[in-house]
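K.L.:
Here it is: the structure, laid out below.
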Amino acid sequence: MAATLKSLKLLRYQAFCSPSAFGAVRSVSYWNASSTQHGGQDPPGHISLCHSAKKVKNICSTFSSRRIPTTSSARPGLEFSKTSSSKASTLQLGSPRATGIDEENVEVFDSFENLRVFLQLRPEYRVHSYSASETSQLLSVSEGELILHKVRVNQNNLQAQVIVDYLCKLSSLPAEQHPVLLGSTSFALLCQLSVRKIKLFDTQDLINVLKAFVILGIPHSHSMLDVYETKCCHQVWEMSVDQLLLVADLWRYIGRKVPRFLNICCSYLNLRWKDLSLSQLVHLIYVIGENRQVSQDLMQKLESLILKYIDLINLEEVGTICLGFFKSKTNLSEFVMRKIGDLACADMQHLSSHSLVNIVKMFRFTHVDHINFMKQIGEIAPQRIPSLGVQGVMHLTLYCSALRFLDEGVMNAVAASLPPRVAQCRSKDVAKILWSFGTLNYKPPNAEEFYSSLINEIHRKMPEFNQYPEHLPTCLLGLAFLEYFPVELIDFALSPGFVRLAQERTKFDLIKELYTLDGTVVIECPDYRGNRLSTHLQREGSELLWYLAEKDMNSKPEFLETVFLLETMLGGPQYVKHHMILPHTRSSDLEVQLDVNLKPLPFNREATPAENVAKLKCEHVGVSLTDDLMNQLLKGKARGHFQGKTESEPGQQHMELENKAAVPLGGSLRNVADKSGAMEMAGLCPPACMQTPRMKLAIQFTNRNQYCYGSRDLLGLHNMKRRQLARLGYRVVELSYWEWLPLLKRTRLEKLAFLHEKVFTSAL
């Protein structure tokens, strides 16, 4: 494999290392301060040092008010300047917190040291990680000037080991001199010489030079580092696991992603994974997570190692493992997640808030409902939230909504803590928090203050929403679930300009979100006169959502049986229509229409062949409720109600409410029979005698994912749908999972009787 890599990279490697690439050494500064930054991105496909040198600006102007001559006669004393040092100290290029980063990495860099706390908890980590606390004997300014003088004088005769030694020594200069050193053309020359000699560096040389780069704050976007990554790629198979992890850690400290290097590391570790120690395992997962790069095959092997060491892992390491798997978008099995939940619950009071948030992220990602963990979150989170960073609060809130876990204490603490510090929120935080409250269909006691502060923050952050357009529809839908409709923002979100921006700038398809928003505002804001989604996009959204809903429902045998039983009870498929009454609400319904006599109408023309329409007569079809059939149905009255048990969430029996018995058939069915005489069901009338429906029923086949966890409270989207159906004159008939699913095991007559009760009692 190493040979293959070498052959693939050889041409590029030679281009970087060829001495002919440095013809512009003395005329142009080496540093590319204005180049495109690589933070969070893959390095460019090909970068020539010579080409880079020809187009870059001289970084000396950033750090020093004068140019430094590069001839061998230049006085060493001119290299360092107290005044230029004070000017240069305004920016530390090497600090991760000073580098340009995209939104998704803000949290990573802002909490850089928190992410590395686990490295301080075992001495074994020192062998394969870099610590900023490492110290060496300081080099005086005069000694540094002398080294740079030697570089200029002896540039054609410097050996590889001497170059490495010079770089390491210069990194020992006082910190305030580092920016001045970076502005020195002599130091740029030294770095160029290091690239020229890099083929002669061994693994330890590479490590020492990378450490020097970390200390000095070499810009992570510098093209020279691409040469070093290539060298690291060639060196992988000569490294030990400890050296491999240390090199990866140094790249992390520099702030540059090195995908080629990590790909080869994964191949290397796929062969040696069984020999990883606990500290190596945790550190490797950290490195994989921070680089968002993963081999699924390797991650499965690492999961088995987690189980091997599970009893030895401390809580900070648990948080690191969860974060690594979360960032690499890799699942942990339910079994492992329950083990992790048990560890966290055993000592949650001593679990740091940082690790708590990381564990919460992974539970959200895997959708594992660890009941004891959820309970303890409900107890401990309200105490932690006031001191938790805004992004941590967002992740905690999003965890609750993803698992449909409504704990009012947690949500109230979030709502109380946010208004005073809402300015600290990113657009992403505002969006996810509003979405979470809306999804759980929960208004906190301070709803007015809470929502006004967040809506105002949306207005203030409009430039950021333009940069990350996917967050604006999320905000507005979260608000719409709870009947908040900021018209100006909705008008902007549905404007052609923003829709076009959303399609161009985001990797997410926002048509579903915008279509849901568009359909909602039409029904709930009749006076709205703002922008609407184009007809083309409305049709596209409708077709997409119907395809998904139809595919989902038709894959459920219990739903198909329900449709068949309704058709049987009412008289045929023309009396029932499976469609999306409100396409923008993302779920389908079974529609039934009743006339003034509460008899079903054959309104579903799609289910009636055209050649048969003319033959339809007002003849009775369907099931006639004769005295014998009524007696059979009513026999169960003496035995009491059906005892169908609710299917509960996994392991949540003690959280579920008491199961209600199914609706009794006796009295109510008699009442229906009394009101409708013989109660012969469903007379089929031809179109000529079709009546305007007195009542339109939306029969909804629900499941537990439409309710808050362990309760019968609808989630925001489904509650909004029922609200809108009512506005349009529909009466919702709910076939709830806790009633209907147990009944599917009963006889056909019992199912028909239950459906009859549901349909016709709702009409009364």
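Just so it is clear, glycine is given a Cβ too, placed from its N, Cα and C backbone atoms.
Predicted, not measured: the structure shown is a model, and the values here were computed from it.
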K.L.:
Scan 41-67, 68-94 against Swiss-Prot and say which stretch is down as region 'Disordered'.
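P.N.:
In Swiss-Prot, residues 68-94 carry the label region 'Disordered'.
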K.L.:
In terms of DSSP three-state secondary structure, what is the assignment for K507 (N6-acetyllysine)?
P.N.:
coil
K.L.:
Write out how many residues of the domain 'RAP' (697-757) are helix, how many strand and how many coil, based on DSSP.
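P.N.:
Secondary-structure breakdown of the domain 'RAP' (697-757): 32 helix, 13 strand, 16 coil.
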K.L.:
Quick one: mean pLDDT on the domain 'RAP' (697-757)?
P.N.:
93
